[in-house]
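See structure below.
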Amino acid sequence: MSGHRNLKRRCGESHLESPAGCAHGPAAACVLSKLVQLPTPPLSKHQLKRLEEHKYQSAGRSLLEPLMQGYWEWLVGKVPAWIAPNLITIIGLLINIFTTLLLVYYCPTATEQAPPWAYIACACGLFIYQSLDTIDGKQARRTNSSTPLGELFDHGCDSLSTVFVVLGTCIAVQLGTNPDWMFFCCFAGTFMFYCAHWQTYVSGTLRFGIIDVTEVQIFIIIMHLLAVIGGPPFWQSLIPILNIQVKIFPALCTVAGTIFSCTNYFGVIFTGGVGKNGSTIAGTSVLSPFLHIGSVIALAAMIYKKSAVQLFEKHPCLYILTFGFVSAKITNKLVVAHMTKSEMHLHDTAFIGPALLFLDQYFNSFIDEYIVLWIALIFSLFDLLRYCVSVCNQIAAHLHIHVFRIKSSSTHSNHH
C-alpha cells in the first residue's frame with residue numbers, strides 16, 4: 001500500500017540483466033532483455049545526478065508501528081545477511097499477487113464465494129507482504145546496502161500491491177453486487193496512494209498518519225478472515241439501526257479514510273511546496289500531478305458508465321487490474337520525479353490502454369469491448385513492467401550496484 005514507513009532511506013541493490021551483456025549471453029536472453037527494455041534510457045544524465053543527491057525524509061508514526069517493531073526486528077534477524085533487500089520486497093509482492101489472483105480466479109465478478117482456504121491464503125499473503133515490505137529497509141541498513149534504487153523499488157512494489165490489495169478486499173466482501181461501491185473503493189485506494197506521493201513531491205517529506213498502511217492492512221486481513229467465518233450470509237446481513245448490509249461497512253470506512261487522508265494530503269499540497277515561490281521540489285506547479293491521476297480516474301469512470309455491455313459490472317476484476325496497472329505506472333513516474341527533482345509529463349504510453357477502450361466505445365464498440373479490455377490489460381501490464389525494468393537497470397548501472405544481489409565489496413553508503 002502506501003510506501004512503508006520503515007523504508008528509512010532504503011534503496012536497493014543490483015543489476016537486472018542489461019542489454020549490454022547480450023553479446024555474451026544466449027540469443028533468446030538477448031531478445032528477451034531487449035523486449036523488456038525501453039529503446040532509450042528513461043532517465044537523463046541530470047536526473048541520475050540528482051538521484052544520487054536524494055535523501056529520504058519521512059515524518060509521523062502510526063498507531064500500531066511501536067507494537068509491531070519487536071516482531072519486525074525479530075524477523076529481520078532471521079534473514080541471512082547475503083539476501084538483498086529488494087529480493088525480500090519482490091518475494092513478498094509476488095506472494096501477495098499470487099494469493100490475490102486465487103480470489104480473482106474463483107470470483108471473477110466479485111460476487112461469488114471462494115473456497116475458505118483461498119481467503120486464508122490471501123490474508124496470509126498480505127501479512128507476509130506487510131512483514132517483508134517492512135523489514136527490507138532494516139535489512140538494507142543492517143547490510144550497509146542502502147541506495148536510492150531501494151527506495152524507488154519499495155514504492156514501486158507498494159504501488160502495484162495497492163491494486164491487488166484493494167481488489168482482494170472487494171472480492172472478500174463480495175462488493176461486486178454493488179458495482180458503484182466497488183469502483184469507488186478500488187480507485188479511492190489507488191488515489192490515496194498517489195496523493196501520499198503527490199504531497200511528498202510537493203513537500204519533500206513522506207508523511208504518515210496515526211492510521212496508516214499497517215493499520216489498514218491489519219483491517220483488510222480481518223476482512224478476509226471474516227469471509228472464512230461468516231461467508232455470504234454475513235456480508236448480506238443487515239446492520240441494526242443503520243439498516244445497511246454489512247458489506248457496505250468497509251466501503252463506508254473507505255469513504256471516511258479517504259476524506260481523512262485527503263484532508264491531510266491536500267493540506268500539505270495547498271500550503272505550498274519547498275520549491276521556489278511555493279512550487280514542488282522540482283519547481284513545478286503543486287497542482288500539476290493531478291492531471292495524471294485525474295485523467296486515469298476520469299477515463300475509468302466514463303468507460304464504466306458509457307459501456308453498452310456493462311463491461312465493469314461483468315468483468316470488474318479485469319477492469320480494476322487494467323486501470324490499476326496504469327495508475328501504478330504514473331505513481332512510479334511521480335516517485336521518480338520526486339527523487340530526481342524533475343517535471344512530470346502528461347503524455348505517456350500508459351494511457352494507450354484506456355484510450356483503446358474509450359475509442360472503441362466512441363465508434364459504437366466496433367470491436368467487442370471484452371476483447372479490447374484484454375488487449376488494454378496486457379498492454380498496460382507490459383508497459384508498466386517495461387518502464388520499471390528499464391528504470392531499475394539504468395539506475396543500477398549508474399550506481400554500479402545490483403538490484404537483487406548485494407555486492408561483496410561495495411560502498412553503498414556513498415549513495416545514501
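Every residue gets a Cβ built from N, Cα and C, even glycine.
Model, not experiment: these values are computed from the prediction.
Now, the feature entries from Swiss-Prot:
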ACT_SITE  H155  active site, proton acceptor
BINDING   N86, E151  CDP-choline binding site
BINDING   D133, D154, D158  Mg(2+) 2 binding site
BINDING   D133, D154  Mg(2+) 1 binding site
CARBOHYD  N144  N-linked glycosylation site
SITE      E151  site 'Increases basicity of active site His'
TRANSMEM  89-108  transmembrane segment
TRANSMEM  116-133  transmembrane segment
TRANSMEM  156-176  transmembrane segment
TRANSMEM  180-199  transmembrane segment
TRANSMEM  210-230  transmembrane segment
TRANSMEM  246-267  transmembrane segment
TRANSMEM  286-306  transmembrane segment
TRANSMEM  315-334  transmembrane segment
TRANSMEM  349-363  transmembrane segment
TRANSMEM  368-388  transmembrane segment
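For the recorded positions N86, N144, E151, a Cα-Cα cutoff of 10 angstroms around D133 (Mg(2+) 2 binding site) retains N86. In terms of C-alpha distance, the listed recorded positions N86, H155, D158 place N86 closest to N144 (N-linked glycosylation site). Take the CB of N144 (N-linked glycosylation site) and look out to 10 A: across all protein chains shown you find 12 other CB atoms. Within 10 Å (C-alpha to C-alpha) of N86 (CDP-choline binding site) lie the following recorded positions from D154, H155, D158: D154. For the transmembrane segment (349-363), the most Cβ-contacting stretch among 156-176, 210-230, 246-267, 286-306, 315-334 is 286-306 (pairs under 8 Å). In the three-state DSSP scheme, E151 (CDP-choline binding site) is classed as helix. Of all Cβ atoms in the protein chains displayed, 33 besides its own lie within 10 Å of the Cβ of N86 (CDP-choline binding site).
Of the Cβ pairs linking the transmembrane segment (315-334) with the transmembrane segment (156-176) and spaced 6 or more residues apart, 3 or more are under 8 Å, so the two regions touch. Within 10 Å of the C-beta of D133 (Mg(2+) 2 binding site) there are 25 other C-beta atoms, taking all protein chains into account. All protein chains considered, the CB of D154 (Mg(2+) 2 binding site) has 27 other CB atoms within 10 Å. Within its own chain, the transmembrane segment (286-306) has Cβ neighbours under 8 Å at 183, 187, 190-191, 194-195, 198, 201-202, 269-270, 272-273, 278-280, 312, 319, 323, 326-327, 330, 333-334, 343-344, 346, 348, 351, 354-355, 357-358, 361, counting only residues six or more beyond its boundaries.
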